[in-house]
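Report on the structure given below.
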Amino acid sequence: MGVHLEVLDTGEQLMVPVDVLEEENKGTLWKFLLSGAMAGAVSRTGTAPLDRARVYMQVYSSKSNFRNLLSGLRSLVQEGGVRSLWRGNGINVLKIAPEYAIKFSVCEQSKNFFYGVHSSQLFQERVVAGSLAVAVSQTLINPMEVLKTRLTLRFTGQYKGLLDCARQILERDGTRALYRGYLPNMLGIIPYACTDLAVYELLQCLWQKLGRDMKDPSGLVSLSSVTLSTTCGQMASYPLTLVRTRMQAQDTVEGSNPTMQGVFKRILSQQGWPGLYRGMTPTLLKVLPAGGISYLVYEAMKKTLGVQVLSR
């Protein structure tokens, strides 16, 4: 299985690694990370308008101008112009490098631990390794997630930039505000990882039955497998993702100190169960283009850097 799946970026921060580097590739780790960071930067920038629309639909679900994707995008352009569709993208790109580096490192340590017990890695061990990698990375970059949400939601002139946004949050709410939404974020990892990896494994089995060589899969096979498994993972964990975003943005909306239980109750009382899936349309729409852009840029970067991926 090619290592390119490790860093295929669909713009979803909970995305778990599906494979790890072989021993022969250890010396070129920085090339994989650089390729992945560049691929993620291009794909996230390309789909940033959909991501900003998603956040607005999640947070301002009661406003009529954000009831659907097109009206939401129109409202954003009217408020701040076309360039405003990329608000929050800078820090979203900035956090890619540490995010990937942490996931790689934790996954490698987990692989070494499990391989010390027996020679092959079981499905449940892959879930544990993937979940742990995401949990550690999200714990360390959660402050950047909060800043990204606030910058994405800002209106024209609210913040002078990233540092000004961080300063205002710290002055008003203290350091604890930088970990708003942490609990639902952690809880969302388990359903995401289990669903993502289960669907991915199922697709690998189906491709093998169809006669595909999974030791050296084609780009279409790799992209379709990761895209579908990621989409299923997002749907499984989406209510928790929505609650996390609402908690991170709560001061922007109501000026209160939100709790996970309180946000859940408010959504259910005001919008019912469908309210837990507000913003799902732009989320699903950006998975395929984000994955496709990421894959193409990643392969191009590997060629540029002279990386040879060894099959198992």
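Note: Cβ is positioned from N, Cα and C throughout, glycine not excepted.
The annotation repeat 'Solcar 1' is assigned in Swiss-Prot to 27-113. Per Swiss-Prot, repeat 'Solcar 2' is recorded for 121-206, and the stated evidence type is sequence analysis. Residues annotated as repeat 'Solcar 3' in Swiss-Prot: 217-304. Annotation comment: Swiss-Prot describes 33-50, 88-107, 131-144, 182-200, 219-243, 279-298 as transmembrane segment, evidence class sequence analysis.
Helix, strand and coil residue tallies for the repeat 'Solcar 3' (217-304), in that order: 76 helix, 0 strand, 12 coil [DSSP]. Helix first, then strand, then coil: DSSP counts for the repeat 'Solcar 2' (121-206) stand at 73 helix, 0 strand, 13 coil. Each residue of the repeat 'Solcar 1' (27-113) gets a DSSP state, and the totals for helix, strand and coil are 76 helix, 0 strand, 11 coil. Confidence annotation: the repeat 'Solcar 3' (217-304) carries a mean pLDDT of 86 in the model.
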